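Engineer: Can you read through this structure? Questions will come right after.
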Ligand SMILES: Nc1ncnc2c1ncn2[C@@H]1O[C@H](COP(=O)(O)OP(=O)(O)OP(=O)(O)O)[C@@H](O)[C@H]1O
Ligand SMILES: [Zn+2]
């Protein structure tokens, strides 16, 4: 199975990396020539001037025969020149008669090949030959003060420096290659300060337009003006007004910020320079700022243009709040961006779009007028938006007649554009694997389940375990049906998936923005239904409720500390508002701003809510024990039941609904 394509910033076929690479061929040629030279010299020289090493006795013999013209000695080694060349070892000793040396033949004779040379070296024996000097003089040998064997200047140079030169050349070559490949901007060492921005040019087939963006109409509408400005800047600057310079796109991951920025460029027909802020910051000080400078320079050269800086929070973090290390480097980079933006007259036709999902950590300086003074919030799509986004992404996917995008849009609250794209892709892959001609609704629903809950996990469960899990899930499902205000139960399954051994899948019928207290209690009762069913049926407990307990506690705690739903505590904020975009706590760092007494009061109230819901859950399941048993029997037979099958098996009617909620499965997790 092919993995889904990475939704992030796929470089479009039409996009070309910036800064074309100059040919590096000259370096390779140089290297090859050097190598050939080295080889040629090393082949030629030994024959001409390489000395033979002769034994001391042979040396003396040659002196005695008056065949040595000069020697030079250093320490115990002597080198010298023969009058007429000498072959050593003598040819008859080296390979006498037969090709393969007989076993008895001395190793030296058999190993060293015979060579003829006009020069020689030899070693003085350790018992120094006292009469040597006289002996040499008698035979007219010149005792030289400089080495005998002085090759040509070139050869010496090459042998002396050749290897070093080769190594240096090799490193230079490697280095240039590496930097040419590493940075899009190329340029070797000197290219390190170049921006690695990707440029997307606007050709007809690859360009992104507002047609490709769906479900975030408000954000889109705000950017229409930018497009207009890029198309005809004079229209805006005619009366001396300055154009917007920077727009900050704020929204959760995958909501289409990058897509929107590309669409602005596409609509305006201007080049799009994209770079992630994280890429600005490197270990080397000053590099980030240099890259920023280069990026803006490139954009200015092809103005009008759009510069897109993704994840701007990576450098735009308020000063002093920087992540460990690199703080000052990050500041320099940020400063450079501000300087560049201040340098605009507003007439060049360059607009900087930046994206972040953490607007609250950004440095104030970035948000000042003349910088990123416009802020466009890109929200998660609502149901109609999800429907529109699905429509965009199924354009190239053949759909079966039963495919129901309306139902999918309803079943996917909290999904971003990227999530929906992924869903369509998974369904298309699944349909292909199943050998279908078109994508059916079942493919979509199965893919959705896999995305939300994880893939099915083959687990061998005992009959008792299966039954217990069936009761646990049925407990969730029955309470979801019975308690007024709970979401409709969409599916129950005892097929293990991801972390869960079984799943009850509730689905809101509408997006919700405001949750009534009844609804929250109904949810807690549903969450506790799994454990309650186990207690009602078996009278014992298992670890399977861990996830349920965690969720229920969190919800009850929020009711008490954030939403003022406990009379004993009152309408006091005791926990920070959660970060709207990331879901994590934002403020309240360090000490909690309340007393020990309040802390115990909160705990007591949370416990009270949970206990009340627990009692209620058990009471309802006792009352509807028959429906519970019936559901379990069906579940053990079929493993997965749809909403319709659940109603049939239990004979229950769904309780009146209050409102929907984001899809959060109740899952029995294994300890
Ligand atoms: N509103 C949308 N309409 C159509 N497609 C969308 C929409 N939102 C996201 N997508 C799809 O999801 C892909 C990823 O979205 P994109 O990269 O633009 O999100 P993002 O907000 O920039 O994410 P991040 O914050 O993670 O960088 C897009 O290429 C697009 O195919
Ligand atoms: Zn459970």
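Along the chain as shown, the residues are counted starting at 1.
Note: Cβ is positioned from N, Cα and C throughout, glycine not excepted.
In case it's useful when we look at the structure, here is the feature table from TrEMBL:
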type	residues	note
ACT_SITE	473	active site
BINDING	251, 252, 253, 254, 255, 256, 257, 258	ATP binding site
BINDING	472, 476, 548	Zn(2+) binding site
COMPBIAS	1-14	compositional bias 'Pro residues'
COMPBIAS	93-109	compositional bias 'Low complexity'
DOMAIN	243-382	domain 'AAA+ ATPase'
REGION	1-20	region 'Disordered'
REGION	93-116	region 'Disordered'
REGION	652-671	region 'Disordered'
TRANSMEM	27-45	transmembrane segment
TRANSMEM	154-174	transmembrane segment
Engineer: Round to the nearest Å and give the CA-to-CA distance linking residue 258 (ATP binding site) with residue 473 (active site).
Structural biologist: 41
Engineer: Compare the Cα of residue 253 (ATP binding site) against each of the recorded positions 472, 473, 476, 548 and report the nearest.
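Structural biologist: Of all the candidates listed, 548 is nearest in space.
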Engineer: What whole-number Å value do you get for the CA-CA distance of residue 256 (ATP binding site) and residue 548 (Zn(2+) binding site)?
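Structural biologist: A Cα-Cα distance of 33 Å.
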Engineer: By CA-CA distance, flag whichever of 472, 473, 476, 548 among the recorded positions is nearest to residue 251 (ATP binding site).
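Structural biologist: Nearest candidate: 548.
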Engineer: Identify all same-chain residues not among 251, 252, 253, 254, 255, 256, 257, 258 whose C-beta atom falls within 8 angstroms of the centroid of the ATP site's C-beta atoms; report them in sequence order.
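Structural biologist: For the ATP site, the extra neighbours are 355, 357, 378, 416, 417, 418.
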Engineer: Under a threshold of 6 Å between Cβ and any atom of ligand 1, which of the recorded positions 252, 254, 473, 476, 548 are retained?
Structural biologist: 254
Engineer: According to DSSP, collapsed to three classes, what secondary structure does residue 255 (ATP binding site) have?
Structural biologist: coil
Engineer: What average pLDDT does the predicted model assign to the domain 'AAA+ ATPase' (243-382)?
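Structural biologist: Value for the domain 'AAA+ ATPase' (243-382), mean pLDDT as a whole number: 79.
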Engineer: Listed recorded positions are 251, 473, 548; which sit with C-beta under 6 angstroms of ligand 2?
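Structural biologist: If the test is a Cβ under 6 Å from any atom of ligand 2, the answer is 548.
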Engineer: Let's check the environment of residue 252 (ATP binding site): how many other CB atoms sit within 10 Å of its CB?
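Structural biologist: Here the count is 17.
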Engineer: If you count the other Cβ atoms within 10 Å of each Cβ, which of the binding-site residues 251, 253, 254, 256 comes out on top?
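Structural biologist: Checking each of 251, 253, 254, 256, the winner is 256.
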Engineer: For each of the recorded positions (473, 548), count the other CB atoms lying within 10 A of its CB, then report the residue with the highest count.
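Structural biologist: Answer returned by the neighbour count: 473.
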Engineer: Including all protein chains displayed, how many Cβ atoms other than that of residue 258 (ATP binding site) lie within 10 Å of its Cβ?
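Structural biologist: Taking every protein chain into account, the count is 22.
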